[in-house]
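Notes follow once the structure below has been shown.
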Amino acid sequence: MPVPLYRFLITLAAPVLAVLFALRLIRRSETAADLRERLATTDEPRLPGPRLWLHGASNGELAAARGLIDALLSAHPELQLTITANTTTGRDMAAAWQLPRTTARLAPVDLRPVLRRFLASHAPRALLVIENELWPNRLDLARAAGLPVIVTSARLSARSAKRWTLLPGLAHKVLSAVTLLSAQDEAAAARFTALGLPSGARAAPLALKTATPPPPVDPTALAALRAHFDRDTTVLAASTHPGEEELVLSAFAKARESRPALRLILAPRHARRGPEVAALIERAGLAFSTRSKSETPADAPVYLADTMGEMGLWYALSGTCFTGGSLVEKGGHTPWEPVHFGCAILHGPSCFNQAEAFDALDEAGAAGVVADASALAEALATLTPELRGRMAEDARRVAAERQPDLEPLVARITRIAGLTAPNP
């Protein structure tokens, strides 16, 4: 796809975006203030000091970047940082950090007039992209404005790379705007190079999610729920997707035939799917209680965790974690968060978004692969407390071995963005 054609198509999509935003306003899933942020029409104060624009898609990407954000702010006391996300939850999470000299906003849509307003309002020295948010107009206008584009912890699966090969002109244009790219692993780095990443822009691989701080846990909520959940018999299905809950529920019901003490905390990826998932639990014939209704877990075998911002609580209560998005073709979600909490990890075969992480855990015997619901049921039925403990210990060792060194990256960002030398 030629770049002018992309610009034409995205411009044609503007009325569709307008309808989408109107529906969000009607449904109150977003506010008029949110829309103003997406269209870059908010008044932004000009504060002294150089500014960087850091963008991540949502909670996971920004949480992974937290260590880098802290390192940049610590190294440069004069630095201002604009953090953007595609989702209100990602934006709100970054705002809740209450970091100094930091502004959290919804990302501007990929329309050139909107992007020009955003760049004029924030005047960043460089654009720092987390993982794979490579929007063509955004990168093209950044380059036109003379902004270095730095992409870190970049993901590119073989399947995604194959799609990009169908759009060689667009891929080359996008990647030629990149000043520095650090992929999550060597395989992804090679794919970016094959698609047109300039050889001088390729940096050593760096996986930020290994260093993601564990999500917070409300101690009051943990104390209230601890009596209801024995870690040795509690299984968390974290960030599940449509088509996956049925498989998990089937496996759980089967495993309980031999281990009746098992309990399941079911946390769908999107909390708004709570009613839909509740109907699936009812259809499976399992008693359950619901977090969003403040129901006491009591003795119900299933606890529907349909709230936002409490994943750390579910990890802390569970001894075993099935990582969602892996029994359906979603590519899996990060295993490192449950590893922080000492969970034994189970996952399905679809892990292309986290391939290096799961490969390392699998090779160390620190995670178990389950091909389908039957295999998951067998794993849940046979995972003894002793085996669970060994897997959790091995997983923590693997994570410790993969902690990234952020200092070289901070130094390169400093040079590329023309910042002063970092504090020692």
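The backbone N, Cα and C atoms fix where each Cβ goes, and this holds for glycine too.
Fair warning: this is a prediction, and the values are worked out from it, not measured in the lab.
If you look up TrEMBL, you'll see 6-26 marked as transmembrane segment. Distant neighbours of the transmembrane segment (6-26): 32, 34-35, 38, 109-112, 136-137, 170; these residues of the same chain sit at least 6 beyond its ends, with a Cβ under 8 Å from one of its Cβ atoms.
Residues annotated as domain '3-deoxy-D-manno-octulosonic-acid transferase N-terminal' in TrEMBL: 35-199.
As annotated by TrEMBL, active site, proton acceptor applies to E61. Under 8 Å, Cβ to Cβ, and six or more positions away along its own chain, E61 (active site, proton acceptor) finds A85, G90, I130, E131, E133.
Annotation source TrEMBL lists site 'Transition state stabilizer' at E131 (among others). Under the three-state DSSP scheme, E131 (site 'Transition state stabilizer') falls in the coil class.
As annotated by TrEMBL, site 'Transition state stabilizer' applies to K209 (among others). Around K209 (site 'Transition state stabilizer'), a 10 Å sphere centred on its CB holds 24 further CB atoms from the protein chains shown.
Across the domain '3-deoxy-D-manno-octulosonic-acid transferase N-terminal' (35-199), the prediction's mean pLDDT works out to 94.
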